Amino acid sequence: MAAPASATESQASGGPRPPACLLVLGMAGSGKTTFVQRLTGYLHSQGCPPYVINLDPAVHEVPFPANIDIRDTVKYKEVMKQYGLGPNGGIVTSLNLFATRFDQVMKFIEKAQNMSKYVLIDTPGQIEVFTWSASGTIITEALASSFPTIVIYVMDTSRSTNPVTFMSNMLYACSILYKTKLPFIVVMNKTDIIDHSFAVEWMQDFEAFQDALNQETTYVSNLTRSMSLVLDEFYSSLRVVGVSAVLGTGLDELFVQVASATEEYEREYRPEYERLKKSLASAQSQQQKEQLERLQKDMGSVALDTGTATGSSSPVLDPSDLILTRGTLDEEDEEADSDTDDIDHRVTEESREEPAFQNFMQESMAQYWKKNK
């Protein structure tokens, strides 16, 4: 089987493509971290170094070279002390704090896409902490909105030999698929202990699973029998790969499934995300339009209130006219409120001096003629 192409080969074929983000989930003890370690070494050996992110704040040591480590940003034990939390609460709070800066992580991934074709993301051991938390949803949706994102559910094959336990694992995988709505791959880990062929047979052959259930006589087995009918549709479209994280077997087949899942993302999931983005942008545009219309209505009512009384020949002023002519209106108000309204400002001082001078000359001539008589 063909190995994943190196970053240089992808550049030669027409420029770098967005890296595929592999979001590794699984129950505690299923071997997620060991799987990521083996996956990292495999990709390095193929000349395709991945970009690795550790999202487990409670891990003591990371057995792989992490490009981004949540422990460098959030101190798990300090969070527990400061907020008085237990182990799970500390992990959730640490993830919440880290999610507030995930936009910076997205920028780092964008910068690294020239050199890395894959982004490996190791999640906390307690699967529900990431899967059902707000921060887990934020991180998953942020990745899926920009890059091909594939959920890899790591399952402990050695602990799933019991049909009831197997069904519990499948139900959890189904719930994650339903919540994330992303391409999904079930990695049946620890095939070095027991081969995963029995699980594949149970998924493909309903009667074989029923025969295994007939050995169980509990109420749970009856419930499992009913659920197996419901999950038939789920099994038909599920990608399953048997892997040994210890020996490194099954990784070639895994990357064949990853390539198929990436194509599925580009074909089905990306158009859906683009449609959701356009729908959100349209809703925001409609909201802004409605706010503008309400503002225009409010401004129109102000314009009506500033109009003159009925019967007046003066035009009604628009609010913008009030702003532009504010200085003129103030001057008119000052003239109307002046204390010298009773003075005729058209009569100048010069017009008063001429008749007063004529009266003075007439009085002087009269006195002169009176003396000479």
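Easy rule for this one: first residue shown is 1, then count along the chain.
Quick reminder: no glycine exception, Cβ is built from N, Cα and C everywhere.
Annotation comment: Swiss-Prot describes Gly29, Ser30, Gly31, Lys32, Thr33, Thr34, Asn189, Lys190, Thr191, Asp192 as GTP binding site, evidence class similarity to another entry. Thr33 (GTP binding site) has a Cβ environment of 22 other Cβ atoms inside 10 Å.
Per Swiss-Prot, region 'Disordered' is recorded for 304-373.
Residues annotated as phosphothreonine in Swiss-Prot, with similarity to another entry given as evidence: Thr328 (among others).
What Swiss-Prot lists as compositional bias 'Acidic residues' is 330-342.
According to Swiss-Prot, the feature phosphothreonine maps to Thr340 (among others).
According to Swiss-Prot, the compositional bias 'Basic and acidic residues' annotation covers 343-355.
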Maximum Cα-Cα separation in Å among residues Gly29, Ser30, Gly31, Lys32, Thr33, Thr34, Asn189, Lys190, Thr191, Asp192, which the record lists as binding GTP: 17
Least buried by Cβ count (within 10 Å) of the binding-site residues Gly29, Gly31: Gly29
Fewest Cβ neighbours within 10 Å, where candidates are the binding-site residues Asn189, Thr191: Thr191
